[in-house]
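Participant: So that we are looking at the same thing, I have put the structure below in structure tokens.
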Amino acid sequence: MLLKNQEYNYQVTNRPGSKLVISDCLSRAPNPIRCDENHEDTVCNLIYTPFKDHRLQEIKAASLSDLVMNELKDTIIRGWPDHKDGITSAVLPYFSYRDELTVQDGIILRGDRIVIPPSLRHDLKIKVHPGHQGVNSCLRRARDLIFWPGMSADIRAFVEACDTCATYCMKQPDQPLQTFQRDRGRKLEPTSSLSKEGTI
């Protein structure tokens, strides 16, 4: 609709409500400020996350103090090289995710998930495992919110090393069926020998 109306030059004037027979909502609160600027398309990134503000500030501060995260930020802002040969070994684990990584307000994002600095990873492994619900539940919860290279393997090892989970985990029950010896002399028939009509 905007493209269709670009060829026209609209002039908007305010008519007092007493002179309007039927006034609309835009006539009730006129805005006398003129906007002569041509605004180009602006892309806005919004971080919507269940993290509280103090946790986001903690992640931001930890990212600023971490050398690898700073180097990763610089690489994202500068642009990734075409080949792995052009980056350092510290940033190399992030190379396969390079198209998904962005920096927003000092926090590195992979899509809509926050990239966690190494100093906070252990704390967040504890946070995704509060109910001792098992590996799959913890991984599902973590994959919705956070990211770091090798996160799945780290969380799996953390949950498998949990003493509480090892103590109270559900053990696979024994099989209820057991083998038995069949009498070789008697032949099994498809119908019961108790029924004269051939049906049970």
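All residue numbers here begin at 1 and follow the chain in the order shown.
The backbone N, Cα and C atoms fix where each Cβ goes, glycine too.
Owing to the predicted nature of the structure, the values given are computational and were not obtained by experimental measurement.
Feature annotation from TrEMBL assigns compositional bias 'Polar residues' to 190-200. Look at TrEMBL and you will find 116-167 tagged as domain 'Integrase zinc-binding'. If you look up TrEMBL, you'll see 180-200 marked as region 'Disordered'.
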Participant: Quick one: DSSP breakdown of the domain 'Integrase zinc-binding' (116-167) into helix, strand and coil?
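Facilitator: Final tally across the stretch: 36 helix, 2 strand, 14 coil.
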Participant: If I take every residue in the domain 'Integrase zinc-binding' (116-167) and average their pLDDT values, what number comes out?
Facilitator: 88
